[in-house]
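Feature annotation from TrEMBL assigns domain 'Thiolase N-terminal' to 28-283. Residues or ranges marked as active site, acyl-thioester intermediate by TrEMBL: C113. The domain 'Thiolase C-terminal' feature in TrEMBL is assigned to 293-411. TrEMBL lists H370, C400 with the feature active site, proton acceptor.
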Amino acid sequence: MSSITQRVKDFAGLSPKAKALAQHDDDVVIVAAVRSAITKAKKGGFKDTRPEEILSGVLRAVYTKAGVNPALIGDITVGNVLPPGGGATAARMAALHSGIPNTVPISTVNRQCSSGLQAVNIIAGEIITGQIDIGIGAGVESMTFGYGSGAMPDGFSEAVLSNKEAEDCLLPMGITSENVAADYNISRQVQDEFAAKSFQKAAAAQKAGKFKDEIVPLKVKWTDPKTEEEKEIVVDHDDGVRDGVTAESLAKLKPAFKKDGSTHAGNASQVSDGAAAVLLARRSTAKKLGLPIVGKFVAATAVGVPPRIMGVGPAYAIPKVLELTGLSKDEVDFYEINEAFASQAVYSVQSLGIPLKKVNVNGGAIAIGHPLGCTGARQVATGLNIAKQTGSKIFCTSMCIGSGMGMAAIFVSEQ
């Protein structure tokens, strides 16, 4: 009897929630998930640190935390949106520098803002299909070094641009935010209230030390912008989190993309640097090796939406992953929905009818930051940390994706 047939037999008669919580030797489990601090691009703790160095730090930390011999890792996939020189070489260098032997292969993937989650999904798929038993899904971005005009191509095909939706893929992300706000009547006040709450939750969580268990402190070189003195510092906290932010203080900021718009620096995700890594394994392998099982990958999916309103992605991706698993939205204990912009996060939450108290419990990207390729993996580390602190079990991660997509995944905490 095949393992899949046996699994179907074992789960027969169980409710979708019971199936999600059930444990089977062929499950894809998480044995460790960590992230670096998220720092402000060009200003924060990683402003002088190349992305491969940040990635190396989290790769070493994730296999060390799990107690895994790095030679046993079957494959690594790294999400990276703004890769220097094509990306794969820098990721390979990071893996080798982290102590992972040259016998372990690596690849990079770019599905824009969901790249880190896509990396996790690829490794989970390789485990499910029997290609590997252990792997790492990771994500990294230095928006200090990779973001801006230098990352843009010198042009696009006029023939392709004659297609309106293809042309819409080039809309500035802030304009897509304004489109969502206008199309779905998301007011400036509602956006600012949501953004302020993100800052307030993140500031409270940081003060209470709630991020410490998910963050790997990294020692890096940092140049003081005032004295130009190079120092060695330990980056161990998210330096974009601000205390005291209110809807009233945000209301004073000028729109960033349209004169009469509602999107501004305070209700959009921060431009950031950081990395995260998730170490996955087949349950039977994890048990055999005595590895700590902290969670389970249940399912993931991606969808396409109109590029001009790319931010609505979670509103379509979350129902699809719930349909795949058979879960209802109320059976999910909490949601980590990336806050690319308040407009799209508010729309997604409102359209799905998710209680705000279940969304981004410790704040989101507006307060913490959004290193593009990192966020999808970062949300897994954050989700598992929240689940452990609250005793929750089932959580969903989701994000919108530039050029018009959305992605969502379901995980179970086993801590």
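Using N, Cα and C of the backbone, Cβ positions are placed for all residues, glycine too.
Ranking the active-site residues H370, C400 by how many other Cβ atoms lie within 10 angstroms of each Cβ puts H370 at the bottom. The average per-residue pLDDT of the prediction over the domain 'Thiolase N-terminal' (28-283) is 96, rounded to a whole number. DSSP states for the domain 'Thiolase C-terminal' (293-411), grouped as helix (H, G, I), strand (E, B) and coil, give 56 helix, 31 strand, 32 coil.
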